[in-house]
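Engineer: Before I ask anything, here is the structure I am working with.
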Amino acid sequence: MPKDTTNHPDLLAGAHVDAAAYDRMYAESIENPEAFWAEHGKRIDWIKPFTKVKDTSFAHDDVHVRWFEDGTLNVAENCIDRHLATKADQTAIIFEPDSPEEEAQHITYKQLHEEVGRFANVLKELGVQKGDRVVLYLPMIPEAAYAMLACARLGAIHSVVFAGFSPDALASRVNDSQAKVVVTSDGAPRGGRITELKDNVNKALLHCDDHVKCLVVKRTGQQVAWVADRDVWYDDIAANVSTFCHAAEVGAEDPLFILYTSGSTGKPKGVVHSSGGYLAYAAMTHQYTFDYHDGDVFWCTADVGWVTGHSYIVYGPLANGATTLMFEGVPTYPDAGRFWAVCEKHKVTQFYTAPTAIRLLMGQSDEFVTKYDLSSLKLLGSVGEPINPEAWNWYNEVVGKGKCPIVDTWWQTETGGHLITPLPGATALKPGSATKPFFGVQPVLLDATSGEEIHETEAEGVLCMKDSWPGQMRTLWGDPDRFVQAYFSDYKGYYFTGDGCRRDADGYYWITGRVDDVINVSGHRMGTAEVESALVAHDAVSEAAVVGYPHELKGQGIYCYVTLMSDETPSDELVKELQTWVRKEIGPIAKPDVIQFAPGLPKTRSGKIMRRILRKIAENDFGSLGDTSTLADPSVVDDLIANRANK
Ligand code: PRX
C-alpha cells in the first residue's frame, strides 16, 4: 500500500494556477460548465466559432458526447500556422535520435509548416481525402509527427499503430479501420538494434485489401523487399510536390484519429477522438498540469503509438506553441544515463515518463543520474500505472533533487487527456496518489455490486465519471453498440473507467488498478483475452487462461495457465516456444512471463473459468482463495497450487 504521508513540495512559484485558483476554477467548471468551457474553447482558433458548447448524455439508452459541435477548425493550423506570426523561428520539435552519435535535429515552426504541407500533398497524391483513414506504423522520428499533422491538415483520420506490434496486429488494425494507406519506414533503430518495419508491413498487407498503398519513409537506408504498384518511397513523391497545402475545414466533432486499445475481449477497440474538444482538452491539460510557459522544453518519453504520445508529444504541446522533444531510443541505450544525458543536452524543463522506466533506472547506480546537470528541470510527471512510493521517492530525490513537483497523472486512451492529476502550483502531493480531479471532471466511486454512488469522502469502489469533458472519446470505430456496452452498461448513467479506486479523508484519489480483464504491463495496457487467443491459436494448446501478477519492474507480469492437447507433453522447450509464439502473434510487449501447464482449469458448473482463483494462485496468495465449492471439480485447484510455476 502506498504510504499516506502528505508531502508539501515547494509548489511552483508563478504557476498558472494556485490552490485558491484551483478551488475557484473547479467550482466554476462544475457549477456552470457551459460558461467555463465556452471560455476554454477559445484557446483554439476556430474557422467558424461554435455557438453550442455541450450536448452530452451518459443515459444508457441515449449516450452521446458532443462538444463545440457547430464550430469548424483545422487542427494542423492550430498546431502550426497560428504560431508563425510570433514563433516561426522557435523550435517546435527537437528530435533526439536513438544513437547519441547521430546529431539531434531542431525543427522550427516554419520548417514544421513546410514539412507538414509537403507530407499532406504526398498523401493527397496517393488519393487520401477528408475522412479517409491512414495507418501510421513508424519509429519515433519527426516524420511520425509530420504524418499525423498532415492527416489533420487534410481532415483525414490517422490511426497510429505502435511499431512494436506484430504484422498480425497491424493487419487487423488496417482492416478494421479500412485504411487507404499505411505509412512506414524501411527500419526502426531502437536501443542500437533495428526493427524491420517495412518487412512487417509486407507481411501484414498479405492479409489486407489489394488497394492499400504503402508509403515508405527512409530512416535506415537498408534494403527492403518491394511490391511495385503498391509501395512508394516518400522521397520520390515529395520531390515533386509543393510545401504548401490548403488546410481543410473540419467540424469540431469530425474524428481526428482512431487509436486501438485493449479491452476485456480479444478484439482491440478503435477509440475515436474528435477534432475540437480533444484538441482544446489536450492543450489545456498540457498547459495546467505541466505548468507550461513559453520558452519551456517539454519532454514526454512515450511513443506516439500510445495516447500519451498523441496528447503530450504532438497535439497538446504544439497547440500551445511549445518546444516538444521526440526521442527515438530507449532509457538504457547506450547506458542507463541516457534520459538524463538528453535532459542536460536539451535543457529539458518538464520531464514526463512512466513508473516502469523509473523502476528500471532506480535499479542502476545513482551516478547515471548525478553525473548530469539536471538544473533545468522544474517538474516531473508520471503516467500509465500507479507509482509505488520507492519509485516516487527516488524520482523526487535523485532526479528532482526534492525541488520538482511530481504530477502523477491518471487518465486513459479513452479520456484523451488527464482526468485526475495534481496541478503543480496548487496541489499538495501524496506519493502514490493521482490527487484531485482536473477542471470539469467529476469522479465518483460506486459500490461494485449495487452500482450505488458512495457519498462518504473516505471510500473505495469502482471509478466512474458522472459527466463528460471535451477530450472524451466519441465512439468506437464502426461499433457504436460496443461503445455503449463497454463504458455505459455496467453502471447506468456513468462512464465506467474499468479502474478500482480509493478516496481518502482529504478527497484524494488513489487508483488501485483495473477491475476488469485488462492488465497493465510496463504501462502498456493489454487484454488478457488477446493473449489467450494468441495461445490457443498454437497447435499444441487446447485452452488458456491469462492473468496478471505483481512484477517488480513491469508493475504486472503476464501469467498464463495452459492446457495442452492430449497428445502433447509439457516441456521447457514448449514454454519457450509458446513465449516466442505470443511475442510473434502480438508483439514483444505481450511475451508471457510465466507459463504453467495445467491439466484442468477451475471452472464453474456452467463452464466459466474462475479467474479470481487463478489470480490468487499467480499472486502466491493461497490463503484467500475464497469459496471454491461452486467449482465443477475443486481438485483442479490443488493441482494448480502443487504445480505452481516458479517465478
Ligand atoms: O488502469 C489505469 C492505468 O492505465 C489505464 C489506461 O491505460 P491506457 O489507456 O493505455 O492509457 C495509459 C496512459 C494514459 C488506466 O485505466 N493508469 C494510467 N495512468 C495511471 C494509471 N493507474 C494509476 N495511476 C496513473 N497515474
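Our numbering is plain: 1 for the first residue shown, then up by one each step along the chain.
The backbone N, Cα and C atoms fix where each Cβ goes, and this holds for glycine too.
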Engineer: For the ATP site that TrEMBL assigns to Gly384, Glu385, Pro386, Asp408, Thr409, Trp410, Trp411, Gln412, Thr413, Arg514, Arg525, which of Asp366, Asp490, Asp499 is also named?
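Structural biologist: Of the residues offered, the record points to Asp499.
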Engineer: Cα of Gly192 (CoA binding site) to Cα of Gly384 (ATP binding site): how many Å, rounded?
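Structural biologist: Gly384 (ATP binding site) has its Cα 25 Å from the Cα of Gly192 (CoA binding site).
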Engineer: Measure from the Cα of Ser522 (CoA binding site) to the Cα of every one of the binding-site residues Gly384, Trp411, His538, then give the nearest.
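Structural biologist: For Ser522 (CoA binding site), the spatially nearest of the binding-site residues is Gly384.
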Engineer: Could you state the whole-number distance in Å separating the C-alpha atoms of Arg190 (CoA binding site) and Arg514 (ATP binding site)?
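Structural biologist: Cα-Cα, rounded: 30 Å.
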Engineer: So how many other Cβ atoms are close to Val541 (Mg(2+) binding site), meaning within 10 Å of its Cβ?
Structural biologist: 21
Engineer: If you count Cβ atoms within 10 Å of each one, which of the binding-site residues Arg514, Arg583 comes out on top?
Structural biologist: Arg514
Engineer: Restricting to the chain of Thr409 (ATP binding site) and a gap of 6 or more, list residues whose Cβ falls under 8 Å of its Cβ, or answer none.
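Structural biologist: Long-range Cβ contacts: Thr289, Tyr352, Gly381, Ser382, Val383, His418, Ile420, Thr421, Ala434.
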